[in-house]
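Feature annotation from Swiss-Prot assigns repeat 'WD 1' to 81-124; the stated evidence is sequence analysis. What Swiss-Prot lists as repeat 'WD 2' is 128-167. For 171-211, the entry in Swiss-Prot reads repeat 'WD 3', with the evidence type sequence analysis. Taken from Swiss-Prot, the feature repeat 'WD 4' covers 323-368, and the record attributes it to sequence analysis.
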């Protein structure tokens, strides 16, 4: 069936989140449209933008990646080739040389690159030893390294010739869920794992565990996501699989705040159902940080985080409700220069298989109005065990 999407006019609203917004000014957002990506038990894992925001890529539990217009929801095509769960996707950050290239890693042990103009695979790196790849990052002092987080290992390749240059296997004892090169120090690589450790490596020279592991942060519980924060990217936020939130200085290993009851603090900060899980953190630049929490019924809130000791989580400053009916897996907020003209806030995807596009809407009576496109990628129902997307 041909994929189509409804287009409708939306009002332009102020969409800037502020860490000082009073509770009475909480912004609620209404649906622009909703795209059903599949029938059955298939669902959305991750949504990422092309660098110029002319497309968004969406990874699905069908082991495929589909591309859409972030403004109209128009379907562009799909990248198909992985034989197991797609764990991470990202567009190339090189706006001049390869803005159309999309990268993906999978539990099938490969990292693949796709030309999103033709939707064809253009490169493939294979671990060759039944490894799963849970995360990847491009960087290095010469911008030639590709790091992959695997089972108990961090692998590094020279992506220019697909040659493996290092296997760091003594630093972690469990699945490596995250790898990130530091944006302004591309020779520095951070890895995070189910073992509760965040490791800092220097990737210059002949890379090995003994000489290039610079420091270790012990978070103490299984790590789900990490990300950079603050001027100079010196801080690191960390979300764990038991829904705790902590902020660290990765350079000296100090913990600025550890919110062990972050989910309870967020639940107490709004009038919706209890926050059941955290989706991600939002850091648009500078020192401001929001943690994005959701309910099992599909409502999502942006909660401002005060990470000065003793730390606190404030009243939700944005609420996305009425679009999903199950756990939300990914939230993608559009920058004002790309979504503002159309009054768009961003996109969400979840375990209900829906992609929801959100518009600003100050009128509370409009919050639950939605415009639903035709069913997309119609497939016959099939019996399939629904597995949570998990690194372990």
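The backbone N, Cα and C atoms fix where each Cβ goes, glycine too.
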> By a Cβ-Cβ criterion of under 8 Å, what residues six or more beyond either terminus of the repeat 'WD 3' (171-211) are in contact with it?
Replying inline: 132, 134-141, 143, 145, 147-154, 156, 165, 217-228, 232-233, 236, 238, 241, 248, 250, 391-392
> DSSP helix, strand and coil counts for the repeat 'WD 3' (171-211)?
Replying inline: 3 helix, 23 strand, 15 coil
>> Looking at the repeat 'WD 1' (81-124) alone, can you tell me the average pLDDT?
In response: 93
